[in-house]
Amino acid sequence: MLIEIPNVFSKQEVNQLREQLDARTWIDGNQTSGMMASTRKRNQQLDKDDPVALQIGELIMARLLAHPLFVSAALPLQFYPPLFNRYQGGDTFGYHIDNAIRSTSDGMVRTDLSATLFLSELNAYEGGELVIQDTYGQQSIKLAAGSLVLYPSTSLHQVTPVTSGERTSAFMWLQSMVRDEGQRRLLFQLDQSIQTLTAQQAAEQELFNLTGVYHNLLRRWSEL
């Protein structure tokens with residue numbers, strides 16, 4: 001399941017974030033790569049311990065945890081804190097699958113879901129599409145600044161070469177309360193239907209019943 005979430009941050013907010021990020025020292029992006037991915041990757045990143053990156057990462061996580069669509073789709077349990085990368089001058093990241101387990105200061109995170117938050121305007125660069133192969137085929141993603149795409153970490157994906165301009169983004173992984181992607185999809189579809197019926201003021205008893213089904217399935221499938 002691939003979910004696009006527009007306007008997580010406003011254009012003004014993105015500009016403020018970029019002013020802070022652009023002023024930092026950028027390093028070789030292979031510090032987060034596995035052995036195979038490192039041969040396919042050419043970009044720059046901020047150090048994971050950069051204080052500004054950490055501060056903005058906390059802001060991103062807080063914003064996402066307050067976003068109903070993100071929470072409904074991801075059912076987040078634990079984040080691997082956001083990192084920041086930059087592509088320019090032909091930089092690219094060939095096809096790869098993200099590492100299954102990531103280590104944090106608080107322990108280990110199973111990477112169920114990956115997310116990219118775009119921080120460059122669409123007209124600021126050429127190329128740089130995030131191409132994701134999933135059960136529905138190949139999808140090419142290039143979103144407006146401030147928008148985010150969420151997709152299963154099991155997906156084969158790449159960033160195509162940036163032929164001009166500069167593509168800056170935040171990227172992150174998270175462990176979901178529900179490990180199985182198919183179960184998460186069913187819960188998401190059910191939750192979205194409940195929200196739609198609530199807005200349409202559907203019969204109260206039917207909403208109670210559907211909500212009960214949702215929570216009982218979540219109770220059955222979740223791992224905490």
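Note: Cβ is positioned from N, Cα and C throughout, glycine not excepted.
Owing to the predicted nature of the structure, the values given are computational and were not obtained by experimental measurement.
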- According to Swiss-Prot, His96, Asp98 bind Fe cation; which of His157, His215 is also listed for that site? His157
- Message: In whole Å, how far does the CA atom of His96 (Fe cation binding site) lie from that of Arg167 (2-oxoglutarate binding site)?
- Response: 19
- Query: Which whole number is the mean pLDDT over the domain 'Fe2OG dioxygenase' (78-176)?
  - Reply: 97
- Query: Among the binding-site residues listed here, His96, Arg167, which has the most company in the form of other Cβ atoms within 10 Å of its Cβ?
  - Reply: Arg167
